[in-house]
C-alpha cells in the first residue's frame, strides 16, 4: 500500500508524561520546536563568542543581516516610540518562523508550521497580547477601533457589532495562510517523489521515464525553499500592522 503524503505530518508520541490524570506527551513536534530554540541560541552563541569579531564571520553576518532587516519592517509600519517596544516581539516571531520552516525542508524532519494548532495558536496568542496592550494604553477608548471615523451616527450601532468580527479573523487568516502553504508544498513534493520512486521500481522503459518526475521534484523543492522564507516574511509583514493599530488606533 502506498504511503499517504499526509503521513509526514503525523504527530508521534516520543515520551509519555503523566502528571496525575493529565497527559502531556513529548512528541516529534515538541522535539523540533526545542530544536528550533536550540539553533537560535546556538547562532547567538557563535555571534557573541569572544565579544564578536571585528571582521564578521558567516554566522555573525547572517545574524546581523536579520537584525538589520527586522527594524526596517518595524519602522515602516509602527510609528512613534512604540516601535522599539514591539521590536523584540517582531524579531523573535520572524526568526522562530524562519528556522521552523527551514528545518522542515530537511529530509525526515518534521514541519512544525504544517499544523494548524501551531500556526493558529501563535497569532491568537499574539493578538490577545496586542489587545491587552492596546486596552492598557487607551482604556475603553481602545474599542473605538470598531467605529471608523466619519461614519454616520445611524450606522454606528451596526458597525460596533460587525467590526469586531473581521478584527478576530485577522489572527485566523495569518495562521491558515501559513499552515496551508507549508502543508500543500510538502505534500506536492512527497507525491512527486513517490511517483518517481514507483516508476523506478518497475524497471524497463519506465526506469528512464522516471527521470521526468525525478527532475520535476526539484522544481517544487526549490519553490518550497522559496516559500519557507517568504512565509515567515509575509507573516511578520502582516503582524506588524496590528501593534500600530492598537497603539495609534488606526
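For all residues, glycine too, the Cβ spot is worked out from N, Cα and C.
TrEMBL entries are annotated by machine, without manual review.
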Report task. Could you check which of 116-133, 170-187 is flagged in TrEMBL as transmembrane segment? Result -> 116-133
**Report entry** Listed range which TrEMBL flags as transmembrane segment, given the options 12-30, 31-49
**Finding:** 31-49
Report task. Count, for each of 89-110, 116-133, 225-242, the Cβ pairs lying under 8 Å from the transmembrane segment (31-49), and report the range with the highest count. Result -> 89-110
Report summary line: Tertiary contacts of the transmembrane segment (225-242), defined by C-beta under 8 angstroms and 6+ residue spacing from its ends, are 70, 73-74, 76-78, 86, 90, 93-94, 97-98, 101-102, 104-105, 113, 123, 126-127, 130, 170, 174, 177-178, 181-182, 185
Query raised in the report: Mind checking which residues reach the transmembrane segment (89-110)? Cβ under 8 Å, same chain, six or more beyond either end.
Result: 8, 28-29, 31-33, 35-37, 39-40, 66-67, 70, 73-74, 122, 126, 129, 178, 182, 186, 221, 224-225, 227-229, 231-233, 235-236, 239-240, 243
